[in-house]
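Asker: First, the structure itself, so that you have it in front of you.
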Amino acid sequence: MLDPILLRKDLQTVVSRLKTRGVDFDTQRFNELEARRKAVQTETESLQARRNALAKQIGQLKAQGQDASAVLAESQAIPARLKQLEDDLAVVQQSLGDLLMAVPNLPHESVPAGASADDNVEVRRWLPGPPAADGNPPPLPFEPKDHVALGEPLGLDFDTAAKLSGARFSFMRGPVARLHRALAQFMLDLQTGQHGYTECYTPYIVNSSTLYGTGQLPKFKDDMFFVTKGGEDDDPKVDERGNALAREDQYLISTSEITLTSVARDSIIPAANLPLRLTAHTPCFRSEAGSGGRDTRGMIRQHQFDKVEMVQIVHPETSYQVLEDMVGHAEHVLQLLELPYRVVLLCTGDMGFGSAKTYDLEVWLPAQNTWREISSVSNCETFQARRMQARFRAAQGKPDYVHTLNGSGLAVGRALVAVLENHQQADGSIAVPKVLQPYMGGLTVLQP
């Protein structure tokens with residue numbers, strides 16, 4: 001959530017920066033609510049002062065033996081009006097909160113302005129060998145197969161997945177399932193062993209309050225999987241008087257960024273305990289409501305996929321250096337897997353809702369002859385922290401909001417796709433990257 005004080009002090013700057021994201025902020029609605037808030041607070045303060053003055057006057061009149069009934073009558077009418085103003089203020093603040101909850105983060109000044117992915121800026125690329133003339137990885141010396149053709153003989157089974165669950169799911173058995181597990185274990189070991197993250201196991205189901213805190217709700221409700229408990233609709237919960245209790249909404253997580261970042265929710269962390277570096281390997285569930293039929297073949301865009309997530313909760317002064325560090329942590333995974341990739345700085349129009357600055361890592365897929373996203377690393381600054389009330393306190397001074405950062409380290413399914421395609425051999429076998437061989441029982445080649 002944006003800083004309300006910044007909106008009050010410099011609304012036009014906020015509006016201009018949001019326009020670079022293609023967002024038109026409703027200034028009329030905001031100004032109306034702000035005017036109402038100020039009016040309510042001004043009247044409240046005036047009435048409180050009047051109440052205090054009347055109390056003093058009543059005491060003086062009684063001490064002098066004079067009639068205080070008129071003053072007392074005025075004083076007795078004030079509490080009811082104060083209660084009404086308190087209720088009015090709560091309504092206004094809720095409306096302001098609802099308005100701001102739907103507004104994305106402000107882009108950092110270093111983010112290039114742009115409308116779409118076409119305006120993103122490549123920062124660097126890394127190839128395990130010499131590039132071709134166009135700067136991309138050289139073509140394979142044979143016609144490359146895509147990950148579906150390579151994976152099916154190794155146990156990648158989309159027909160069974162479709163029978164069990166429908167489209168955009170995967171079923172794996174045998175060598176390809178083992179490779180998928182090896183990738184996840186390798187990523188976790190690297191992030192915990194070399195990059196200083198603490199491994200976590202988190203719930204896969206969260207309540208709506210958690211999702212509001214990290215920014216998935218309300219904007220991305222259609223991309224979430226809603227969870228209904230068995231029998232809940234047939235046997236609604238009631239209180240001791242028989243009144244129906246509101247059902248608590250629960251959702252499957254779309255990323256463990258949600259659960260890892262929410263560790264700091266409603267808490268004040270001693271500054272000496274920062275940074276918090278957390279990682280987890282979890283399944284992620286997305287409805288892909290806005291995918292528009294893209295990437296229907298294979299594992300690129302799934303309703304369920306695994307990811308190793310990196311989250312850091314840090315002091316505001318360090319967050320942009322931490323962002324660069326986290327990009328390096330994701331790059332390290334790709335380099336050890338000997339996968340060609342490039343780092344892209346997203347423009348204002350292509351960033352995620354809660355991000356102030358985002359880098360995407362895109363891996364090369366020979367069969368598609370293109371780069372595809374495999375990791376996204378973002379600094380959300382205080383955007384999530386304000387929504388979650390996640391703060392820190394130095395030894396001296398008042399609590400202040402932390403900065404939160406998140407990134408994929410990596411998406412396991414897409415890493416599997418990239419390994420299959422980049423390490424394929426002419427006979428359809430897969431050369432196992434050296435770093436994965438200990439996780440594969442010493443196997444060096446996967447034979448179809």
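Cβ atoms are placed via backbone N, Cα and C, with glycine included.
Annotation comment: Swiss-Prot describes Thr255, Ser256, Glu257, Glu309, Ser408 as L-serine binding site. Taken from Swiss-Prot, the feature ATP binding site applies to Arg286, Ser287, Glu288, Glu373, Ile374, Ser375, Ser376.
Give me the structural setting of these features: burial, nearby parts and distances.
Answerer: Other Cβ atoms within 10 Å of the Cβ of Ser256 (L-serine binding site), summed over all protein chains shown, number 27.
Ser375 (ATP binding site) falls within a strand when secondary structure is assigned with DSSP.
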Asker: So among Thr255, Ser256, Glu257, Glu309, Ser408, all listed as binding-site residues, which is physically nearest to Ser287 (ATP binding site)? Use the C-alpha atoms.
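Answerer: Spatially nearest to Ser287 (ATP binding site) by Cα position is Thr255.
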Asker: Could you measure between Ser256 (L-serine binding site) and Arg286 (ATP binding site) for me? Cα positions, answer in whole angstrom.
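Answerer: About 12 Å separates the two Cα atoms.
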Asker: Can you grab the distance from Ser408 (L-serine binding site) over to Glu288 (ATP binding site)? Cα atoms, rounded to a whole Å.
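Answerer: That comes out at 18 Å between the alpha carbons.
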Asker: Nearest to Arg286 (ATP binding site) by Cα distance: which of the binding-site residues Thr255, Glu257, Glu309 is it?
Answerer: Thr255
